[in-house]
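Worksheet: the structure to be examined is printed underneath.
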């Protein structure tokens with residue numbers, strides 16, 4: 001059955017990954033050591049999407065954990081679900097990439113990459129019918145960004161026809177973790193545009209906002225943020241793991257969501273998000289889910305879809321929901337917000353239904369949107385990149401690892417092209433093609 005191999009690279013990737021495994025182990029009724037003690041047969045029916053069954057009724061995640069320093073791995077191993085993972089699947093170096101993309105991509109990471117690929121190969125060989133890969137990483141650091149993109153391109157070479165989904169934490173506008181973030185992110189996007197099939201953009205600041213505004217947490221920890229991300233990750237793949245009337249998988253999602261191959265950067269959202277105290281005061285209904293799902297405050301990337309237009313979007317509902325109600329609500333939303341959808345893709349909302357809700361909820365929905373407003377995010381990083389690159393600040397760290405300035409220039413122009421492509425489709429209208437022909441003869445007459 002359609003298996004997925006999961007990779008997590010770098011500190012951020014490993015922490016999000018750990019939260020993700022915690023979430024789906026819970027959904028499938030597995031405890032911290034991979035032993036099943038759930039209640040429903042449906043939980044076990046398709047555990048093999050993410051888990052291998054070992055001897056003694058133990059389920060082992062099909063996960064490869066990669067980092068260039070042992071610290072984060074030790075933390076995962078010592079965590080509540082540390083005994084879940086196969087010990088051979090921890091692949092780590094000793095040196096660390098020190099937030100340097102070049103170290104992750106060309107020097108330190110390149111030394112470790114074959115070891116990782118061996119593990120990936122072994123996991124892929126154990127699959128009946130491999131659906132694809134998912135990788136969690138950040139774009140601002142060294143290992144997740146540099147080595148993560150290296151792994152993606154290597155896996156792409158070896159498994160060209162399998163889906164490659166990435167959950168990428170993009171640098172946030174106000175909260176910067178490292179000074180060289182714009183460099184690392186631009187170099188990474190340059191790779192992702194070419195090698196990934198779908199990239200779910202997540203950003204820490206938007207997650208902070210959701211935690212403070214919606215969940216009413218006064219000082220959210222990274223644990224809270226990662227929990228939000230894992231809810232979305234679980235939602236995106238829920239159709240693979242549980243039966244439903246209208247299923248979708250990574251490939252169907254990509255076919256429905258990516259109108260042009262380079263434009264595969266998605267915004268994600270999740271509903272219902274309610275603060276811990278307010279849980280008991282609200283009934284979760286389909287209209288409310290749809291409402292909250294399309295709320296700009298609910299998006300996990302810091303770009304406001306009202307500044308752009310949706311090319312396509314997809315909604316995945318979980319729980320006991322009536323098909324008709326969902327269809328009506330989605331149509332309703334599209335009519336209300338018709339200004340924010342491009343009119344040259346009719347019916348651009350895809351819906352999927354899955355009958356099993358996440359733990360502790362009656363129903364929930366996951367939103368994935370391909371909006372042209374994501375260009376704000378790239379534009380912002382691009383501007384910061386240009387400001388630093390013009391002065392050649394911090395460049396010696398990268399050239400010292402054998403990188404060339406040309407690569408930076410290429411990455412910069414690729415990023416700018418991406419922004420322009422989004423802009424072009426945002427401005428496009430249905431009748432454009434016809435108008436062009438009418439105007440051309442007039443131009444000649446004027447001359």
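Keep in mind that glycine also has a Cβ here, set from the backbone N, Cα and C atoms.
Listed in Swiss-Prot for this protein:
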- 11, 69, 138, 142, 143, 144, 204, 226: GTP binding site (BINDING)
- 69: Mg(2+) binding site (BINDING)
- 432-447: compositional bias 'Acidic residues' (COMPBIAS)
- 424-447: region 'Disordered' (REGION)
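Everything Swiss-Prot records as a feature, shown here on the structure.
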residue	record	Cβ within 10 Å
11	GTP binding site	24
69	GTP binding site	19
138	GTP binding site	30
142	GTP binding site	29
143	GTP binding site	35
144	GTP binding site	32
204	GTP binding site	24
226	GTP binding site	23
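The secondary structure of residue 11 (GTP binding site), as reduced to three states from DSSP, is helical.
In the three-state DSSP reading, residue 138 (GTP binding site) counts as strand.
In the three-state DSSP scheme, residue 143 (GTP binding site) falls into the helix class. Across the residues annotated as binding GTP (11, 69, 138, 142, 143, 144, 204, 226), the two Cα atoms farthest apart lie 23 Å from each other.
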